[in-house]
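Database features, via TrEMBL:
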DOMAIN    1-172  domain 'Amino acid transporter transmembrane'
TRANSMEM  9-28  transmembrane segment
TRANSMEM  57-76  transmembrane segment
TRANSMEM  96-114  transmembrane segment
TRANSMEM  120-143  transmembrane segment
TRANSMEM  155-180  transmembrane segment
Amino acid sequence: MKSIVRKSLTLCTSVYIATSFFGVVLFGDHTMDDVLANFDGDLGIPYSSLLDDLVRVSYGLHLMLVFPIVFFSLRLNVDGLLFPYAIPIAFDNKRFFSVTIALMGFILMGASFVPSIWDAFQFTGATAAVCVGFIFPAAITLRNIPGIATKNDRLISWMMIFLAVSTSTVAVTSDIYSIFYVDEGITS
C-alpha cells in the first residue's frame, strides 16, 4: 500500500502543480481562485476547446486515481468506529461489502444533492478546521492522561471548546442561510 500511496501522491501533486503553473501562465492576472473555472469558455487561443477538454479529462483521471486511496482509509476508519471489537474488516466479507455499499450510497447521495462543491467546502471549513485547530487539542488536554494539566489548563480548554463550538455554529448557520437565501438586490 505504501508504494501505491507514494505513486498516487506524486502523480496528483504533479497534476496540481502543472494545472496551477499553466493556469497562471495562460491566464496571468485574470486567473480565478478556482483555476479550472477559467477553462469553461473560449480561451482566445488556437485549439481552445481541445485544451478545455484535455484539462477536464486530466482532472477526471486525477479524481479516479485519488478516490480509491481516500476511500480505503475512510472505510477502514468508519469500520473501526462502528465495530471497534470486531475482527479486521479484511477478514469479514459481509461487513466489508455492507460498509462499502453504505459509504458509496452516502457519497452518491451527497454528490447528487449538494448544489455546489463550494457549499461542501464551506461546511468542511466551518467544522473540520475548528475541530482540528481548537476542539481536538483542548479535548486532549482535558483527557490529561499524564496528569500534568493544571486547573487553569482545563479552564482554558473548556473556553476553547465553547468558543470553537460557538463560532462553528455561527459559520454553519450562515452557510445554511446562504444556500437558501439569495439576495436579488445586489448586483456586481
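Backbone N, Cα and C define each Cβ position, glycine as well.
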Per the Cβ under 8 Å criterion, with at least 6 residues separating them from its ends, the transmembrane segment (120-143) contacts 110, 114, 149, 153-154, 156-158, 160-161, 163-165, 167-168, 171-172, 175, 178
Close approaches to the transmembrane segment (9-28) from elsewhere in its chain (Cβ under 8 angstroms; 6 or more beyond its ends):
35-36, 38, 43, 45, 55, 58-59, 61-62, 65-66
Sequence-remote partners of the transmembrane segment (155-180) [C-beta within less than 8 Å, at least six residues beyond its ends]:
115, 119, 122-123, 125-127, 130-131, 133-135, 137-139, 141-142, 149
